Amino acid sequence: MSSPCHTSAVLVVFMALAVGVGAQQSNERSCDVIGDESSESQMERALLKKLEPLSQIRFNVTVEKGKTENYIYRFRVCREVNSTLHDFGGLVQTDRQNGKTTVIGRINETQVFNGSDWIMLIYKGGDSYGRHCSGEKRRAVIMISCKRGVTASSFSIISEEREKEQECFYLFEMDSSVACPAEDSHLSIGSILLITFASLIAVYIIGGFLYQRLVVGAKGMEQFPHFAFWQDLGNLVADGCDFVCRSKPRNTPAAYRGVGDDQLGEESEERDDHLLPM
């Protein structure tokens, strides 16, 4: 096969793989809130949309307790951990000793709600317990806490509650900026007034300058709008400061006297001629 043909074949293969991967991602199942689709609230839909940026991230954590418990927990947000199995498993546990996989929670039985700076994601419908919790189905609870500037981090398991008769669960936590409330970008009243005042000043100076230059034909400092008024105002302010800020009465004579012609006496007629040698 010639080189151009070989290159074309490689490109075709890569394009086919890319299309296949894209189709597989688009066909991935997402979270289905418990109940009929019509019963989903606007809040639940909004929270699921808010969690969407985390859907392509895979989270793993290893837990080892002595010689009997050695597990790997795999988790995805609103996606199946292994989409080829079609088991809806959103959080699964793998025993590292025997390779057994247990589904802790499924994305087709999802609950989601939030607080001011956290989102709680719950996967129900996991594989049944054996000797614990009356054999009920497992449930995964994932607490997503607000941490600005971080897409997702610190995924870990907190505890497993399996000593009760019912309502047992696995508790996980992680940090993400998606759980953070929207930052308040409203300006304060003082800021609005300051911006308005600065804008008016700018319009006054620029507009007045253009008017004085183009209409009146002023030159130099006369181009400044109402130049005479501001010049007089400056003098008045200076006089006011001089009047208010001086600590001594205005009629107090100065502490020094200047030397003038009036203080110079007439030249003395007495001379020192007698001191000169004859």
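Placed from the backbone N, Cα and C atoms, the Cβ positions cover glycine too.
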According to TrEMBL, which stretch among 26-48, 256-278 corresponds to the feature region 'Disordered'?
256-278
Who are the long-range neighbours of the transmembrane segment (187-211) in its own chain, taking Cβ under 8 Å and residues 6 or more past its ends?
223-226
Confidence summary (mean pLDDT) of the domain 'MRH' (29-182):
91
